[in-house]
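Under the heading signal peptide, TrEMBL lists 1-20. According to TrEMBL, the domain 'Thioredoxin' annotation covers 10-170, 336-467. Annotation source TrEMBL lists disulfide bond at Cys51-Cys54, Cys386-Cys389.
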Amino acid sequence: MRNFGNVALGLLGAAALAKAASDVHDLKKDTFQPFVEEHDLVLAEFFAPWCGHCKALAPEYEEAATTLKEKDIALAKIDCTEEAELCQSYGVEGYPTLKVFRGPNNVSPYSGQRKAQAIVSYMTKQGMPAVSVIDKDTIEDFKTADKVVLVGYFAADDKTSNETFSSVASGLRDSFLFGATSDAALAKAEGVKQPAIVLYKTFDEGKNTFEETFDKTAIEHFAKTSSTPLIGEVGPETYAGYMAAGLPLAYIFAETAEERDELAKTLKPLATKHKGKVNFATIDAKAFGQHAGNLNLEAGKWPAFAIQETAKNQKFPFDQSKKMTEKNVGKFVDDFLAGKVEPSIKSEPIPEKQDGPVTVIVAKNYEEIVMDDNKDVLVEFYAPWCGHCKALAPKYEELAALYANNPSYSKRVTIAKVDATLNDVPDEIQGFPTIKLFRAGDKSSPVDYSGSRTIEDLANFVKENGSHKVDA
């Protein structure tokens with residue numbers, strides 16, 4: 001057995017060496033502007049030393065900095081406990097905040113994941129034009145420049161295809177690398193006819209081809225669906241991407257990596273059959289088993305399968321008493337797509353009467369109350385265990401009374417709340433409390449509340465954003 005002291009000393013020595021050789025630039029107020037002026041592209045992390053998320057990011061950020069140094073893309077960090085004025089000037093409100101700089105005045109938020117590979121991929125895309133011109137000497141390297149790249153094959157004088165492809169690339173440049181070639185010989189070698197798009201990827205079948213009419217929406221759909229693994233994995237780094245994909249997500253819950261791999265092989269034919277209609281993904285039941293409850297599955301009973309209709313936040317749990325075979329799950333997915341499976345709705349009983357000024361919503365009366373097109377409806381989505389929700393409760397009651405006790409106001413405004421842990425609601429709620437205003441005449445676009453939780457500020461929010469402009 002190796003001596004622990006020697007190992008620890010070795011680790012400390014390695015850490016000290018890594019710190020001394022850091023490729024992340026530590027910037028101050030007087031060095032920040034000259035640095036971003038000197039470099040064409042900079043990713044800056046605004047952090048606080050005590051921040052746990054910042055500490056978790058640090059090794060990933062260091063690794064990315066070393067890789068990106070070779071591409072002449074600089075990574076920097078700013079300690080906001082020492083440089084508060086600088087951080088405030090760029091609107092930093094939480095840690096870590098990452099921003100992309102192309103000079104001091106051209107700033108955009110970093111919207112990638114906080115892993116080294118993801119940072120490298122994202123910043124590499126930022127360092128390239130929306131569409132790179134490629135030829136016979138560069139095409140092979142470009143195909144493997146990232147996990148997913150798209151290459152457009154069309155004639156130089158085909159303005160329509162060029163413009164459409166460039167428009168798609170501009171909108172999706174944060175997600176994918178785009179290249180284009182007008183060399184007919186390269187298209188022939190690839191086995192496609194101009195105009196066409198080939199998506200190259202480092203997983204599944206390796207590539208997909210788009211040879212339909214060059215329509216922006218169709219190309220965007222092709223890019224998003226073809227770039228999603230047949231059976232990926234749901235986790236903190238991928239969840240948002242699956243939610244944004246716009247397709248139903250089929251979860252495969254299992255406790256061990258071996259069991260997840262085995263189930264993925266078993267269900268792969270279904271993922272292939274329904275590609276572009278349903279995304280399939282495994283999920284670690286040990287780490288994220290509590291999410292099964294959100295899908296109306298019985299947590300702890302593994303393996304398990306459920307489909308979430310992400311657009312409507314509807315849940316379709318597979319019968320956990322049945323074995324997860326390709327045949328059984330296949331029939332369930334077929335029935336789901338055919339509209340033969342009713343969504344599982346978790347709901348408390350509808351209150352026999354509304355006792356207080358705050359209207360209590362449950363899943364079974366959500367539509368009736370929230371979607372009342374004649375009223376502005378302010379809804380608090382809360383959890384019983386949430387400390388912030390408990391602190392808000394008495395103020396929310398007072399706010400509701402301002403409207404409930406005035407007959408003129410109560411006809412036009414409802415202040416309501418719903419326990420989002422016990423009732424299924426159409427919106428995916430990320431944190432508690434979440435407050436949304438559903439305006440009269442415009443229920444499809446609720447307005448999120450992000451202000452301070454005072455009675456005055458909430459009342460002003462209803463007045464300024466509600467259709468009826470009620471001033472309580």
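A Cβ is built for glycine as well, from the same backbone N, Cα and C atoms used for every other residue.
Because TrEMBL annotations are produced automatically, they should be read as predictions rather than curated entries.
Structure coloured by features recorded in TrEMBL.
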residue : record         : Cβ contacts under 8 Å, 6 or more apart
Cys51   : disulfide bond : Tyr95, Pro96
Cys54   : disulfide bond : Glu45, Phe47, Ala48, Tyr95, Pro96
Cys386  : disulfide bond : Phe432, Pro433
Cys389  : disulfide bond : Glu380, Tyr382, Ala383, Phe432, Pro433
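For the domain 'Thioredoxin' (10-170), the predicted model reports an average pLDDT of 89.
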